[in-house]
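S.K.: Got a structure for you, questions after.
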């Protein structure tokens, strides 16, 4: 990942191996590791365990949960049309992202890889939305989609689609697509950048050789670029799916899950149940659903898809030095 | 070749416009009034009305929110980089039983969403009396930022040749001294990367401040923007001005740290 450019100064004395530090490493290990373990254990792991525990109770969040109901919350979840709808909507967004957002990002990365004047400016601009917070983005787009003064309707009227453009976030049939539009606006630059970085690390000799052999740009892309971008594409799909499963800020601010709960995501439902209705036990079941979906997807994906790519990061085991 | 070039340019300009137009709509819209927004959505403001911007800049609420965002981002970044670097140092250079398991737990933490922990976190922070306290935002942000920090820094620390450490030990430096005086200064690029990630993450966080801060005194910019939107829901131009002002720090920071951020994101994605 990272190459160190700075070389260490030659040792002033001959490098006599010493065991001074290795003799008593435990105090150092404990001293250096304790803060991270404490914070991570107390504020990340414990809450997730507590969420799992709370999901087995009917609980309003005050005092200690006492009304044990076992897996009843999960049984309810599976027949709750909100939950089933959340899953369906998540799947819709994932599908749209993989079929539209990521291919477009890939195309743009190929574009930016061409010798093009002002390439750096384009790169800077494409990526800019990524640094804006989801809330700021969502508020901006609420204004853009606003029925009267919003930009969106002005544009559709301008290109002669006036009647189509009235609803956007207000219509259950269009709200998810409007949402997808905003998500794409914010995140496609991020994926473009990943692809661009990967594309630029492909040695030019490969494409030169292909050109010498008479391969056109499409064949070179299909048989050289695409396979070599494989690891990056798989990572970008991974991040896109996880991001969608956990989506909250954008939806909460843009629509609040409406109209008539037609744009709710898992996290929005969790928030509604837990912080608005104080059904903390049931909300915890939503939390656990998000957790299990993320974890199972993440682990399966790593096991079967990323196995070849991720040497050294998340999956490194037993690689001691 | 010329035609192809022109087509490429056209396409890039179109995409660039799709990105820029919403932002420009916000910036220019803030200088219009609502009548102008309706009749003249695309053009420059005529006349320019700076009142929306000057009102907000003169109000104090905006500055307080920006200040809170800055303070929380700095505290989070210092915390997560410090604590994370210490842990990454151990994971990178000390062998002890259970190390890889422990590291894997942190690494899997990359996949733990905030939303899962938020309810029990809320209960926990309430018990600890940290609701309405910036620490209630900073500490969880540090905890959730640890995975990416540790993964990136461990990779970097491993690349530093062991001879450096050995010669430091020979010169009488203990592990704390080596860590503080040699390892950290040598790791500036990697520290920069994780710092930028921490700043961006903290700056954009919404859910945690939303549940922790009831009192507007501690609100961060994302909370302020949303609150402003519901307060002035009919006054589009005024909201656009607020959104624009809230975007400026992030965009400035991005323009300044672009290389670091981009390098960090593309290297931190787990290629080891």
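Going from the start of the chain as shown, residues are counted 1 onward.
Each Cβ is built from the backbone N, Cα and C atoms, and glycine gets one as well.
Caution: TrEMBL annotation is automatic and unverified by curators.
When I checked TrEMBL for this same protein, it listed these features:
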- B:66-257: domain 'ABC transmembrane type-1' (DOMAIN)
- B:7-31: transmembrane segment (TRANSMEM)
- B:70-91: transmembrane segment (TRANSMEM)
- B:103-125: transmembrane segment (TRANSMEM)
- B:137-157: transmembrane segment (TRANSMEM)
- B:190-213: transmembrane segment (TRANSMEM)
- B:239-257: transmembrane segment (TRANSMEM)
S.K.: Three or more CB pairs closer than 8 Å, sequence separation of 6 or more: does that hold for the transmembrane segment (B:137-157) against the transmembrane segment (B:7-31)?
M.R.: no
S.K.: Which range out of B:7-31, B:70-91, B:190-213, B:239-257 gives the transmembrane segment (B:103-125) the most CB pairs under 8 Å?
M.R.: B:190-213
S.K.: So what's near the transmembrane segment (B:70-91) in sequence-distant terms, Cβ-Cβ under 8 Å and 6+ beyond its ends?
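M.R.: Hits for the transmembrane segment (B:70-91): 99, 102-103, 106, 134, 137-139, 141-142, 145-146, 149-150, 152-154, 156-157, 179, 183-184, 187, 191, 194-195, 198-199, 201-203, 209, 220.
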